[in-house]
Amino acid sequence: MRVRLRSQPLFLSVCLLLGLATALDTEPGSESLQSCAATFRAVESCLPAAPSFVPASSSANDTMQCLQGAMEQHGGFDGCLEGTWGLVRDCAREGVKMGACLQRHGVSEHLIPATMGFARPDGGLGARDKNRTSACGQALEAASQSLKGAEAVLASGRVALVFTVLSKLFQQLNETGVPPSYLIGGHVQSFGDVDACKAIGGFQYCWMQLDFLPSVRAGVCLPQECSLEDMANVTNVLLQAVGEAKGLRHGYSTAGNDTDMPVIDFAHVQGQCGDYQFPATVGTWIMLTVTLVLVGLVLLGTWLDYRERRAKELEAEGLDEDGEAHDDYTRLDQDEESMPDEDVDRTGKRGWGQGRDGRKSEQKDAWMDQEVEKARLLEGGHSSRGSCGQNQPEDPPLSRRLLSCFSLYRTWPSLVGPAREGPFNALDGVRVFSMSWVVLGHLLVFPVELTSYTNEDAILPPEGLLTTYAGQAIISAEFSVDTFFCIGAFVAAYALTKHLQKALAPASLPAPSAPAANYKSENGLSTQPSSQRHPKKKALGWTWVPMLYLHRFLRLSPLYFYILAMYLHVQKVVNSGPFWGLLQQDYDQCAQYWWTNVLYINTLVPWNGVMGCYAVSWYMSVDFILFLLLPFLVLLYVKNKALGYLLPAVLWTASVIYAYYLNLANGTSQFTFGTSITEMGSYQRDYYFRAWTRAPVYLIGVLCAFFWLDHTAAVHHAKDKNKSVGISSHWLVRVFAHNRKHRLSLPIAGMFFVSFVLLALTCYGAQPAYHRPLAPFWDSSYLALSRSAWCIGLMLLCFLLFQGYGGLIKGLLENRVCAVLGRLTFGSYLVHPALILLIYGDAVVPIHYSVIWVSFSFLGLLTTVFLFAAVGFLLVEKPFANLERMLFAGKAQSKKET
């Protein structure tokens with residue numbers, strides 16, 4: 001008997017589901033609603049008064065006997081559902097509150113569940129299409145009598161059980177105040193079998209989640225005539241059946257009290273029935289056309305360059321385009337035959353430079369020059385005859401130079417060529433490892449927003465991977481973005497400072513017509529003209545600042561805008577699936593605020609937006625905003641070094657203090673991942689995406705560039721003088737000036753140790769915060785200072801590598817592979833979110849986290865990301881960089897000629 005009672009909820013669920021299917025397609029009859037209400041009350045009297053699960057076997061027999069007697073006495077539920085449905089529709093037409101209407105007809109509201117008439121708990125009816133409702137009801141009724149119905153049940157998730165367990169977990173949360181680990185772990189979900197449902201003819205897969213709790217999801221296989229709202233209503237019917245079997249109330253009571261069983265309000269339901277497919281738009285066709293045009297330009301530019309190179313090679317060999325000898329070369333043979341004998345020496349050989357062999361030697365020299373020219377191009381250098389960005393003695397047409405910028409002969413060597421000579425080659429490896437770190441972090445985070453994990457508790461706090469020391473190496477991927485800010489500021493400040501120092505240097509003067517001694521008079525005073533004794537510095541003007549901004553905009557925008565447009569207009573139409581519609585919110589955000597990305601203000605507008613359009617575009621905005629400060633900081637350093645160091649230090653201090661008090665006052669902690677969605681949004685909105693809170697690492701990069709310039713100048717000065725460094729010199733100068741063989745001395749080892757300690761403390765120092773809350777002082781201090789400490793440790797390590805130290809680390813970061821991949825980090829950063837969303841948006845089941853899954857997924861994803869970045873480099877990034885260089889080179893040449 002106990003086994004039979006335990007199956008009773010499922011039996012009642014099926015009965016009510018079939019009854020609903022019948023009622024949906026019928027008109028109100030003349031049955032007495034009062035007798036129907038009496039039937040409900042009689043059934044209610046048989047159920048236990050107190051909420052409980054399946055009663056004991058002794059009371060179960062009494063319950064079943066009571067139910068059987070009530071059904072026989074009142075004639076069962078025949079016609080009751082039909083009358084109830086008609087009454088609900090009549091009350092809806094009257095435009096009054098559902099509870100008042102039902103009470104006026106003598107029917108208790110809680111005895112007629114609102115979901116039976118597709119009513120909402122607030123008393124109003126959802127906007128339903130009668131024809132569609134009837135079609136769904138007929139389909140449900142037909143399915144209940146066929147094998148397809150049983151197959152659909154098998155392919156469906158345990159929807160009612162999901163929300164029943166959820167209600168109990170909420171009760172536990174209200175009683176204890178602690179979120180249940182079962183809920184946090186993402187286990188309150190039942191997806192069903194998507195593929196099995198699709199295999200059933202005439203059925204579709206529907207899934208549903210609550211907008212305030214997206215980690216709770218359930219799927220069910222329904223006829224194609226049904227909609228998402230129908231799924232919510234069917235779920236409520238199932239919940240009612242469970243509640244009636246267990247003696248629990250269902251629906252909103254007339255007093256407005258909370259119920260023991262959950263009621264799903266369609267206003268809070270998110271989901272999808274069937275595969276979600278974004279329609280192709282005008283923007284889709286425009287971007288596909290732009291892509292085809294770019295591919296055509298690359299192919300055409302490459303073919304023209306190939307023909308030009310081939311023609312020069314054949315010309316050097318004395319052949320035409322068909323490989324035949326030129327007429328001049330044929331006449332050369334004829335001239336040789338008629339040549340006098342005296343032109344032949346005694347050995348029978350013709351003189352050097354004479355006859356056939358001599359002319360061939362000249363042609364061989366020309367061919368060797370051509371090969372040298374070709375080698376220079378293949379090695380990434382510029383042709384001595386000019387490139388697409390340089391004026392030539394005999395310039396080809398503008399169209400030819402434009403096409404040459406897209407040629408693979410110009411772009412491929414820039415990708416695979418050797419690293420530039422200089423001390424900063426280790427930065428290529430730093431970029432590559434930082435980019436790999438970003439991909440690893442997003443690989444774990446992005447699925448949480450899509451199909452999620454079957455074992456989220458194995459990843460998220462309070463006991464998941466991210467709370468361990470091994471997991472800290474993953475979640476600390478946030479510092480990789482600070483690495484990009486820091487080294488980007490360092491390189492930009494270094495290059496701009498060198499440029500301004502050269503531009504503001506005294507103008508070079510022609511050599512005097514007489515020796516310098518001739519300008520001295522008898523009393524030793526110089527009679528050299530004052531303009532030569534004190535040359536004036538060059539006038540810099542003011543236009544260089546907007547031109548610098550324009551150069552930065554043109555350098556970053558082509559690939560950024562192309563990937564953003566492809567994501568918005570093309571990627572969304574290349575795939576479909578039941579969970580593909582989860583990206584709709586991001587696409588809507590892009591459609592409304594795309595112009596903020598174009599202006600690089602998407603972290604400012606909208607002000608309360610967290611992610612904005614495209615997940616990683618916030619970095620582009622913050623980087624461009626901080627770059628606006630760079631020319632003024634550098635100019636101040638060039639004019640006055642003391643003030644050049646002081647201003648960035650003051651700005652750094654102000655930003656750190658702001659971040660400290662932001663956390664102290666508003667609780668903007670970074671240790672809220674996985675515990676509070678609201679607080680996590682506050683951390684991202686108020687701190688993570690703001691330029692003024694990201695400024696410290698950027699300013700440290702600028703200060704390090706200034707320090708490196710001064711330091712290297714002092715070291716080179718000491719080496720050039722070939723003498724020992726005085727006591728007054730800085731101790732770093734003495735260390736690097738005397739240690740010319742790059743041996744690991746005690747000071748060098750100490751600097752390596754300090755660097756590793758700073759990097760380790762910032763990466764792993766937050767681990768205790770995921771087990772117990774930190775004191776406000778330590779929490780705020782870590783938020784304000786951790787990124788700066790990371791940047792200082794990183795730049796200290798880079799300084800040692802720049803000086804030639806590091807051994808294995810230096811060799812690893814400066815190898816040829818890192819030199820090539822380092823040129824792809826910009827494109828990789830931009831394209832990797834789209835690829836991750838494309839992969840996991842196609843999933844139909846949650847992912848099971850494991851070390852094996854992470855390892856293989858990371859390697860495969862990282863390889864794919866760099867391959868797509870290489871295509872973007874050759875198709876967009878490098879060609880437009882060539883065009884930009886040609887534009888600025890043309891302006892410089894015109895200014896020089898003027």
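Each Cβ is built from the backbone N, Cα and C atoms, and glycine gets one as well.
For 1-23, the entry in TrEMBL reads signal peptide.
Outside the transmembrane segment (282-304) by six or more residues, the chain places 400, 403-411, 562, 565-566, 568-570, 573, 874-876, 879 with a CB less than 8 A from a CB of the stretch. The transmembrane segment annotation in TrEMBL covers 282-304 (among others).
Annotation comment: TrEMBL describes 317-366 as region 'Disordered'.
The compositional bias 'Acidic residues' annotation in TrEMBL covers 334-344.
The compositional bias 'Basic and acidic residues' annotation in TrEMBL covers 356-366.
As annotated by TrEMBL, domain 'Acyltransferase 3' applies to 425-867.
According to TrEMBL, the transmembrane segment annotation covers 432-453 (among others). Nonlocal intrachain contacts for the transmembrane segment (432-453), taken as residues 6+ away from its ends with a CB within less than 8 angstroms of a stretch CB, comprise 186, 189, 215, 217, 459-460, 474-475, 477-478, 480-481, 483-484, 579, 582, 615, 813, 818, 821-822, 825, 828-829, 832-833, 836-837, 840-841, 843-849, 854, 857-858, 861-862, 865.
According to TrEMBL, the transmembrane segment annotation covers 473-496 (among others).
Among the features that TrEMBL reports, transmembrane segment is placed at 553-570 (among others).
Annotation comment: TrEMBL describes 616-638 (among others) as transmembrane segment.
Positions annotated as transmembrane segment by TrEMBL: 645-662 (among others).
Sequence annotations record features per position, and here TrEMBL assigns transmembrane segment to 691-709 (among others).
Among residues of the same chain six or more beyond the transmembrane segment (744-767), those with a C-beta under 8 A of the stretch's C-beta atoms are 467-469, 472-473, 476, 479, 670-671, 731, 735, 782, 786-787, 789-790, 792-794, 796-797, 799-800, 805. The transmembrane segment annotation in TrEMBL covers 744-767 (among others).
Positions annotated as transmembrane segment by TrEMBL: 787-808 (among others). With a threshold of 8 Å between CB atoms, the same-chain residues lying at least 6 positions outside the transmembrane segment (787-808) that come near it are 423-424, 426-427, 430, 479, 482-483, 485-487, 490, 652, 656, 694, 696-697, 700-701, 704, 708, 736, 742, 744, 748, 751-752, 754-759, 761-763, 814.
The transmembrane segment annotation in TrEMBL covers 820-840 (among others).
Marked as transmembrane segment by TrEMBL: 852-876 (among others).
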### Message
Cβ pairs under 8 Å only, please: of the recorded stretches 473-496, 553-570, 645-662, 820-840, 852-876, which one is richest in them relative to the transmembrane segment (616-638)?
### Response
473-496
